[in-house]
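Engineer: Handing you a structure now.
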């Protein structure tokens, strides 16, 4: 067993916690808890990102079918979250371990100060030997109950905690060359060095009815985490000793190797935190300058703007084919950029009557994707 202290984020999908049924599988949950506690005893820090609130609420209320309306889904989440945290609390208590609940929303990560507060709270729990149990605040977060929820959340939590490993446990044994449920010739991809369009095409859509994340969202989460220097493993939550095996570097599922030059703290926040409310399309010359030369983005290289964002807001940067190039904090609002796009830096003041510097997005505020 690897005894060097590590911080491990374990994301447990609804399919893992329910075993494909309509209620929580507490017998399996206690086995997962046993593995987490074993890691703690070896000096590792463990964070659990849990799905299952809607499933727990449906079980508790004996709800006949999965509701279609947002309000009723959030009703089940509100009831189920208390059941879910009670289940985790009672199971960890068997081993004398305390847990602390953290319910996050996108707003907690969009704002830099709130992001840092969340990071400090997470670190405080870990330093006091408490296992953080993290979930999206489903009852109020309208953007959560759709594809991408806790997979992406677990990557963001990994960044908050400066984690070493992120385990995305699901009902599949990892990422395959095709959907193994449909193609008997599908082969497990054991190790991934680069996430490209080929892999994205292999990844499918949403998974189970009770859950909201499919392999595509896990791939997206893996890409975010590995860019922050975190090793990611997608594996079957039902596999024997899957958590302890991954930490001990034994083969389980699909391993995504982290990027060697991990991002510094502020750029991690740009990558993980704020939602992008607008898109900046840049020409080929600007793409080359940003990607190959590490330059700042100038207004001259901007072809068009879509969406709305304020000065200091985060925008997606794409090439003329619509391919995502980067994310960055804009020094000018979208309204201002509409006026100065294609203009030389020295012309900004003449056009606007003011300026916030010669660049649209400084390279220190730019994260390549």
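Heads up, the Cβ atoms here are built off N, Cα and C, so glycines get one too.
Annotations per Swiss-Prot:
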type    : residues                                        : note
BINDING : 11, 170, 171, 212, 213, 214, 215, 216, 217, 218 : ATP binding site
BINDING : 51, 138, 150                                    : substrate binding site
DOMAIN  : 277-355                                         : domain 'PUA'
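Can you tell me where each of these features sits in the structure?
Structural biologist: Residue 11 (ATP binding site) carries a strand DSSP state (E or B).
The Cβ of residue 138 (substrate binding site) has 25 other Cβ atoms within 10 Å, all protein chains considered.
Each residue of the domain 'PUA' (277-355) gets a DSSP state, and the totals for helix, strand and coil are 27 helix, 23 strand, 29 coil.
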Engineer: Spatially, which candidate from the binding-site residues 171, 215, 217 is nearest to residue 150 (substrate binding site), comparing Cα atoms?
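Structural biologist: Considering only the listed binding-site residues, the nearest one is 217.
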Engineer: Return only the integer: C-alpha distance in Å from residue 138 (substrate binding site) to residue 215 (ATP binding site).
Structural biologist: 21
Engineer: Would you identify the secondary structure of residue 138 (substrate binding site) according to DSSP, in three states?
Structural biologist: coil
Engineer: By a simple count, how many Cβ atoms lie within 10 Å of the Cβ of residue 215 (ATP binding site), its own Cβ left out?
Structural biologist: 24
Engineer: Provide, as an integer number of angstrom, the distance between the C-alpha atoms of residue 51 (substrate binding site) and residue 217 (ATP binding site).
Structural biologist: 14
